[in-house]
Ligand SMILES: [Zn+2]
């Protein structure tokens, strides 16, 4: 698809999305798919500051930073549409799921060092294999399996949480995930039709924005659950009455 301005990055070698290429700048292949990652970066930054300020465990800082890296990787990928950048976007997606897996399951794990070691080698092996082969469909199946593995434990946390505001975070997580998936799918399936419209609703860009919020709600809910396990008296409070985050009060005696 050679539309509009000339392309600084050369011919497209990755998956090409429904948005027309090089319309607004010859340096940015897909303009909306690139800038729609900015809210996700800002939300992850807010989460990171909150985790550091209240001295949450390091795993949460790593989680927020990995969300930021992912969004930045996505910006680079959508602005260049090159195969290498697509790999650079997809490999961290898998690492991040392994991190979620660790946060969800490690509190109940008996052999403390086996799981992190296994997950680390699994992540490293995946990166190597993914660099050598083009997956496409296989990548999506593998990623969806990783997501499905996390759901039962998320559900268990949801059941055990009594706090209404924390439960609302989990509901927002599910709602944004469903909406985002609908946007992603319809952009993919109806691209031909959409391309004839005067106005492209930019389903893939909406997916980025919604997934930015989705990660924020997931991380905030997990921070709440972890704080509850550690008996840090977590509360969901709202900045300016709308924006939720977790506030904790650690016992003074330690
Ligand atoms: Zn994308």
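Every residue gets a Cβ built from N, Cα and C, even glycine.
Going through 30, 57 against TrEMBL, the one listed in the Ca(2+) site together with 16, 17, 19, 21 turns out to be 30. Take the Zn(2+) site that TrEMBL assigns to 204, 208: the candidate from 64, 78 listed for it is 78. For the transmembrane segment (61-81), the neighbouring stretch richest in Cβ pairs under 8 Å, chosen from 118-137, 172-190, 205-225, is 205-225. Among the binding-site residues 78, 204, 208, the ones whose Cα is located within 10 Å of the Cα of residue 16 (Ca(2+) binding site) are 78.
In the three-state DSSP classification, residue 208 (Zn(2+) binding site) falls within a helix.
Looking at 16, 19, 30, the binding-site residues in this record, the fewest other C-beta atoms within 10 angstroms of the C-beta turn up around 16. Cα distances from residue 30 (Ca(2+) binding site) to the binding-site residues 78, 204, 208 are smallest for 78.
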